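K.L.:
Let me give you the structure first, and then I'll get to my questions.
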């Protein structure tokens, strides 16, 4: 826990520093290095936060994972709104004698983009001159908004007496958790010892101890198959999120839809808005519904939505309806898959690392793939690619269910002897901390 919190503190602080530095980068190589540091920090935050929620809450982790990913979607929806007032409507740099010409750029875009977007690069835009953009303020505002996060993590480290220089007078938060666990007076001693055992053991474990080779000895092939198929499902679904949000605007402004640019600009916001709404709805739903069922509904919903988008490909209205529907179905796939896979593998945390990595690779690779296909084959291939990725996601999910049925269940003796089982009262349908 200490290693995880220290990594979260360093990563979240790095995010604020990176956002403050970005406007000061006047060299593309320096900017690339800074952005790489930001990506590394965000990857650490994503992996560790998911992994720790799974380890701490185990069977109740589905609810907390849905809440975590609601805030992911909320941030993705909010940050463009913060940046929008500071973006320039014309070229950001005006050279001498080009101030009047820059006012014609929106007209040039509208006349060229629907037919030959590559020709836009033939126009010489000034690289030196008067800067008219105020986008730097957006980055600095985001840096300030993020700053309370590392402060809160440091406060948690301080309260848990995990900061070497400040471990004298503060009272740890664990005592409050132990009191919350003591729901029955007769089980007071049993619960307190069982609550201390995992905490003591965790102090000697490495952050990535689950990745050590000794843990793989004697593991059945279904153990690895569950990891691989789960990662492939998220590779496809997160890839769909990345490619759809990245290219739906380009698809909308092309023929045959030819949506006005300003109207088409609302599509990515609509998509992320319904992802955020879906994750908010999924918090109470995940309390009543199994993660496996939620993933099945999500994957089938994505398939049906893409099928209807292909059928009604000439309808602007259905493009907006389909975008909202797709965001809704994709919203809870990631957290539900994490909860489902970890449930199969008894909440060791290893699957979370594999799944988060698979999702990140999918989001990167599928965007590159779809971008090149659209460039060669035209805008309609955007929906065809989405349909293919949806079919693959459903296929990998079916394989995951198959391997789940083959996966050996833990023996009742070991299950009863587990310290985690002793610490949690019987499941009565109510949430237990």
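Even glycines carry a Cβ here, placed using N, Cα and C.
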K.L.:
Which of these ranges is annotated transmembrane segment in TrEMBL: 180-202, 318-340?
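P.N.:
In TrEMBL, residues 318-340 carry the label transmembrane segment.
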K.L.:
For the feature transmembrane segment as recorded in TrEMBL, pick the matching range from 113-132, 293-312.
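P.N.:
That would be 293-312, per the transmembrane segment entry in TrEMBL.
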K.L.:
Among the recorded stretches 30-49, 61-82, 293-312, 318-340, which has the greatest number of Cβ pairs closer than 8 Å to the transmembrane segment (352-374)?
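P.N.:
Per the Cβ count, the answer is 30-49.
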K.L.:
Excluding the flanking five residues on each side, which residues at least 6 beyond the ends of the transmembrane segment (318-340) place their CB within less than 8 Å of a CB in that stretch?
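P.N.:
Same-chain contacts beyond the flanks: 50, 54, 61-62, 65-66, 68-69, 73, 230, 233-234, 237-238, 240-241, 244, 248, 252, 257, 259, 267, 270-279, 281-282, 285-286, 290-292, 294-295, 297-299, 301-302, 305-306, 308-309, 312, 351-352, 355-356, 359.
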